[in-house]
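Colleague: Dumping what Swiss-Prot says about this protein:
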BINDING   His46, Cys112, His117, Met121  Cu cation binding site
DISULFID  Cys3-Cys26  disulfide bond
DOMAIN    1-128  domain 'Plastocyanin-like'
Amino acid sequence: AECKVTVDSTDQMSFNTKAIEIDKSCKTFTVELTHSGSLPKNVMGHNWVLSSAADMPGIASDGMAAGIDKNYLKEGDIRVIAHTKIIGAGEKDSVTFDVSKLAAGTDYAFFCSFPGHISMMKGTVTVK
């Protein structure tokens with residue numbers, strides 16, 4: 001099983017995938033985030049954040065106040081399972097997390113916490 005995926009983000013406020021499947025044989029999983037647009041991160045920055053689907057709205061709203069220097073995430077937010085930093089055009093960042101943190105029977109989601117992006121930039125994470 002390939003225990004990694006590359007997710008591209010764009011100036012059109014989108015990720016190139018709406019669903020990430022993790023093979024249950026993976027002990028860890030790595031997400032590399034790229035930005036194929038041309039806009040800088042203060043204008044059209046994106047990050048990749050993993051949480052339970054239920055925690056997603058709260059993380060995003062709390063993150064707005066944190067600002068770009070904290071990647072639009074509240075410091076020490078225990079609801080965040082994994083995240084990249086905010087990147088702009090031509091940049092990339094990656095994060096590796098322990099698959100055992102994903103409990104069976106819980107719905108997980110990924111999203112961008114840049115203010116206003118969550119409505120378009122989100123998807124599901126499942127372990128199969």
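Each residue, glycine too, has its Cβ placed from N, Cα and C.
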Colleague: Taking every protein chain shown into account, which of the binding-site residues His46, His117 has the largest tally of Cβ atoms within 10 Å of its Cβ?
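Modeller: Compared across His46, His117, the most Cβ atoms within 10 Å surround His46.
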Colleague: Using a 10 Å radius around each Cβ and all protein chains in view, which of these recorded positions has the most neighbours: Cys3, Cys26, Cys112, Met121?
Modeller: Cys112
Colleague: Taking 8 Å from the centroid of the Cβ atoms of His46, Cys112, His117, Met121 as the cut-off, which other residues in that chain fall inside it around the Cu cation site?
Modeller: Ser9, Met13, Phe15, Asn47, Phe111, Ser113, Phe114, Ile118, Met120
Colleague: Between the Cα atoms of Cys112 (Cu cation binding site) and Cys26 (disulfide bond), find the distance and write it as a whole number of Å.
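Modeller: Cys26 (disulfide bond) has its Cα 24 Å from the Cα of Cys112 (Cu cation binding site).
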